[in-house]
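Annotated features in TrEMBL:
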{"type": "REGION", "residues": "1-23", "note": "region 'Disordered'"}
{"type": "DOMAIN", "residues": "86-333", "note": "domain 'Deacetylase sirtuin-type'"}
{"type": "ACT_SITE", "residues": "HIS191", "note": "active site, proton acceptor"}
{"type": "BINDING", "residues": "CYS199, CYS202, CYS229, CYS232", "note": "Zn(2+) binding site"}
{"type": "REGION", "residues": "358-405", "note": "region 'Disordered'"}
{"type": "COMPBIAS", "residues": "395-405", "note": "compositional bias 'Basic residues'"}
Amino acid sequence: MAEEQDAGVSSRTQRKALSKAKILQRESEREVFRLVGRVLKKPESQRSEEEAAALLLHRDTVEELCKRQVRRNVLKRKQEEVFDGVDELKNKVRQLAVAVKQASHLVVYTGAGISTAASIPDYRGPNGVWTQLQKGRAISSSDLSKAEPTLTHMCIKMLHKEKLVKHVVSQNCDGLHLRSGLPRHALSELHGNMFIEVCTSCSPVREYVRLFDVTERTSLHRHGTGRKCSHCGAELRDTIVHFGERGTLEQPLNWRGATEAAKMADVILCLGSSLKVLKKYTSLWCMNRPASKRPKLYIVNLQWTPKDDLAVLKIHGKCDDVMRLLMEELNLQIPAYNRADDPIFTLATPLQLEEVQSHSREVVAPPNDQNDCSDDPEEQKPTSVQGGWFGRGYGKGRQKKKKVA
């Protein structure tokens, strides 16, 4: 018995000693990294003999720190916005116009960059949500209900009307493609639509289009909006696909339409997307085909994307600027957005009487009817965005920052 106790004490002592040795070793390695880092920051001519000797002694550490610096520089370059010159931009748009005219099945992929002109921040741009949070800066609230389709949205609608664009695949949840008048059968909103809530208990799934952002109470894995289906009484849910989720709803995601369009595409035009998320959706890129039989890829984005090397043409310009020039080359007029013709007003389902107070978001109102369209005039006060598909982005960023700290 005494021997077993001695053996147990000895084992614990060994574990403690081993743990302590590991801690001391890590601290020693950190100190070496700090020392070498300080020396490397100095110009070579200003280093003392002792510092030069330290670099020779710790060559592995010097090599690792140099590799880290190279990676940081590469990442910094990828985050920088690049603008093509005026003449170069026009020349590239001419090439794009030729591709658009010759395409038999052109599909457009859109990202947050096409909505920045509507005062909706993107995520990875210089003023994007993630970029600002990484720098420790505060993010101002945005009233997304006041956003309207941009020039790019309206150009895409016209290109579809003229049968030059067959399908649009969007990562955006802002509903602006729908509000531009683009037919729903020609649109796949892969990450959902902030104006749409659905009843998944009904078969087929019943859809409710609203005049306000329905995601006020929703978040990751929590999609209930608090309102009820008028047919079966089940709780409605939003259509948003949050980070870490997989979208399964048939509409408005329309994955079937997106994959079928990608299979038929001979040209893909990417507008305002970093493609860091879209690149993971292999069904959109036909990567199972030989390179020569894949769709020709054209990218319009100010920053680097992981598909740049595969692109026939990369245009560094703002989406609105590029699309304006493209429409000139195609000799097509750009339709102006008219709120009175916004499809959302004909698609919208009124709230039930008991649900009038179920949200605090500002309501999208038709022109000259700001008060009549509201469910409650007293609710017509600007509110900051909290929660929901966009607000949760702030929360995710803050959470990451806290963990790092």
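Keep in mind that glycine also has a Cβ here, set from the backbone N, Cα and C atoms.
Since this is a predicted model, take the numbers as computed values, not measurements.
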In whole Å, how far is the residue listed as 'active site, proton acceptor' from CYS229 (Zn(2+) binding site) when you measure between their Cα atoms?
22
Would you count the other C-beta atoms found within 10 angstroms of the C-beta of CYS202 (Zn(2+) binding site) for me?
13
Can you tell me how far the Cα of CYS202 (Zn(2+) binding site) sits from the Cα of the residue listed as 'active site, proton acceptor', in Å?
21
Restricting attention to the domain 'Deacetylase sirtuin-type' (86-333), give the mean pLDDT.
90
Shell of the Zn(2+) site beyond CYS199, CYS202, CYS229, CYS232, same chain only (C-beta within 8 angstroms of their C-beta centre):
THR200, SER201, ARG206, SER230, HIS231, GLY233, ALA234, LEU236
Rounded to a whole angstrom, what is the C-alpha distance between CYS232 (Zn(2+) binding site) and HIS191 (active site, proton acceptor)?
26
With the cut-off set at 10 Å between Cβ atoms, which of these binding-site residues ends up with the most neighbours? Options: CYS199, CYS229, CYS232.
CYS199
Measure from the Cβ of HIS191 (active site, proton acceptor) and count the other Cβ atoms within 10 Å, all protein chains considered.
20
About how far apart, in whole Å, are the alpha carbons (Cα) of CYS199 (Zn(2+) binding site) and HIS191 (active site, proton acceptor)?
17
